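Reviewing the structure listed below.
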Amino acid sequence: MKEILPLLMGGLALFVYSISMLSRTMQEISTEKAKRIISKYTNNLFLSILVGTLLTVLLGSSSALIIIAIVFINAGTLKFRQAIGIIMGANIGTTFSSQLIALDIGKYAIAPLIIGMMIEFFAKKENFRRYGSALFYFGMLFFGLFIIEQSVLPLRESPLFEKWITRIDENLIQGTLIGGFITLIVQSSSATVGMAIVLGKQNLITLIGGLVIMLGSELGTCSDTLIATIKGSRQAIKAGLFHLLFNFTTIVMGLLSFDYFHRLVLLISQNQALENQIANAHMLFNIIGVVLFLPLVGLSEKLLNRWLPDRLNTVHN
C-alpha cells in the first residue's frame, strides 16, 4: 500500500488539476459566448435544460456553469427561475466527461500534451494559445488517468481493499457517503466518477460499487456551488439550494429504486466493459433524474420562494 500511494496521489493530483485548468481555459474561450446563449435562450425550462447540457459539455464542468449562472444572478442579468433549467441541464452535460474517461485513450495522452504545448509556445494569437492550453490540459487529464490506472494494479492482491469494496456493495448508504466525501475533498464529481471508472477498468470494483460512488459524487458536487452563494443575493442562494435539493432528491430516488436501476444499466449496457457500464449509468441516472424531477420543479420553486422571499433583497438593492 505504501508503494501505491505516491503514484496514486500523483496521478490524482494531475487528473484533478487538469480538470480544473481545462475548465478554466474553456471558460476563457467560451464565457462571452455562454453569456449570450444564457441571456437569450433560458426563458423556457426545456430550452434552458438543453442550454445547460450543451454549455456544460463545452465548459467541461457542471460546477463551473452553475457558478457562472450564480454570478449572472448576482449581477441581475439572470433570474432564479431561468437558472433552474441550467442547473438540471448541467447535471446531464457533466456525464459527457464520463464517456470520454471510459474510452481507453490514456496511452495516447502524450500526443495532445506535446501538440498543445507546441501551439501554446509558438502561436502568436492569444486565441490559438488558449486552444493549445486546452489541448495540453486535455492530454494531461488522460495522462493522469493512465498513472492512476497503473498505480491501482497492485490492489488486486490486497485483502484490505477487497474487504472495503465488499462493504460498499453491502451498504449502499455508506458507499454513497464515501463518494460524497471523496468529491468534497477533490472538488470535482468528474474526478470521483473518473476514479470509479478507472477502478472498473482494472476490475477492482463492482458495478454496484461504481453506482453508489457515482451517486455520492452527485451530493458532494453541491459544495462548491453553495460556497459560491455566500454573500450573494437571495435569488443566487435559492439557485444554490435548488442544486442541492435537486441532487439530493434524485439520489434518494436512485437509492430507493437501486435494484431496478442496476438491472436497467445491465440491460442497456449488455456486452460492454465495466467501465462503460459505470459511464452509461452516470448518464442514464442524470437523464432519468431530470425527467422524474420535472413535475416537481414548480413545487420546488414555490417552496424556495416562500422560504427566501425576494422582498428583502429588493429593498436592499
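Just so you know, glycine gets a Cβ as well, placed from its N, Cα and C.
Quick look at what TrEMBL annotates:
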TRANSMEM  6-24  transmembrane segment
TRANSMEM  45-73  transmembrane segment
TRANSMEM  105-123  transmembrane segment
TRANSMEM  135-153  transmembrane segment
TRANSMEM  173-199  transmembrane segment
TRANSMEM  241-261  transmembrane segment
TRANSMEM  281-299  transmembrane segment
Tertiary contacts of the transmembrane segment (45-73) (same chain, 6+ residues out, Cβ under 8 Å): 19, 22-24, 26-27, 30-31, 34-35, 37-39, 79-80, 82-94, 96-97, 187-190, 221, 224-225, 228-229, 232-233, 235-236, 239-240, 243, 290, 294, 297
In contact by Cβ distance (the transmembrane segment (135-153), the transmembrane segment (6-24); 3 or more pairs under 8 Å): yes
